[in-house]
Amino acid sequence: MDIHVWLAYLLTAVVFSLAPGSGTVNSISNGLSYGTRHSLGAIIGLQIGLACHIVLVGIGIGALVAQSALAFTLIKWIGAAYLVWLGIQKWRDRAPLTATTTSHELSQAALLRKAVLINLTNPKSIVFLVALFPQFIDPTRDHWPQFLVLGITTVTIDAIVMFGYTALAAQLGRYIRSPNIMTRMNKLFGSMFMGCGMLLATAKA
């Protein structure tokens with residue numbers, strides 16, 4: 001892969017990761033509630049989900065999902081329902097944690113599993129990657145090395161961006177000591193999760 005092609009994709013990957021979505025909401029919410037270190041599992045989970053999408057695209061299943069109305073709709077509704085459920089749980093959280101408090105509610109493993117499902121049940125990501133990757137792959141060269149470079153770049157950039165969102169939120173959380181404020185923040189992020197779920201429910205392949 002030529003360096004100028006990779007740099008163009010790098011910029012695209014940054015924009016893709018910075019765009020607000022359920023992963024962003026999850027990262028900021030975790031940063032506020034659990035701090036940066038405890039939220040690392042969630043960041044890894046998001047990347048596992050994203051990597052699964054990339055693999056599916058690479059072996060051709062992603063294209064089938066993008067072209068199959070039934071498969072897309074099924075994954076879409078599962079993802080939408082899961083995000084709404086997460087939003088309800090966040091909204092009902094009456095005992096928020098500050099960024100400096102150790103979580104007694106969700107372990108890193110639990111945060112990881114939640115994050116994997118958030119990304120894994122978002123078919124819009126598959127559709128986007130199916131449309132995006134061919135634009136940067138030279139058909140006259142071996143497919144897999146180029147695909148591997150694009151996949152590693154995508155996951156690396158997204159991990160950095162999600163870490164940044166989490167760390168910034170954790171720093172903000174240090175100044176939020178009031179339980180009332182944290183309860184309101186939980187309601188805000190609960191509403192955002194539900195909003196992401198509703199937006200996903202209206203998505204089309």
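Each residue, glycine too, has its Cβ placed from N, Cα and C.
Same-chain residues lying 6 or more positions outside the transmembrane segment (5-25) and placing a CB less than 8 Å from one of its CB atoms are 46, 83, 115, 118-119, 122, 128, 132, 136, 138, 149-150, 153-154, 157-158, 160-162, 165, 189, 192-193, 196-197, 200. Annotated transmembrane segment per Swiss-Prot: 5-25 (among others), in sequence order.
Here Swiss-Prot flags 41-61 (among others) as transmembrane segment, drawing on sequence analysis. Note on the transmembrane segment (41-61): residues 23, 26-27, 30, 107-120, 122, 125-126, 129-130, 133, 144, 147, 151, 154-155, 158-159, 162-163, 166 of its chain, located 6 or more positions outside it, place their CB under 8 angstroms from a CB of the stretch.
Sequence-remote contacts of a segment are chain residues at least 6 beyond its ends whose Cβ falls under 8 Å from one of its Cβ atoms, and for the transmembrane segment (68-88) they are 22, 114, 117-118, 121-124, 127, 189-198, 200-201, 203, 205. The transmembrane segment feature in Swiss-Prot is assigned to 68-88 (among others); the stated evidence is sequence analysis.
Positions annotated as transmembrane segment by Swiss-Prot: 117-137 (among others).
What Swiss-Prot lists as transmembrane segment is 147-167 (among others), and the listing cites sequence analysis.
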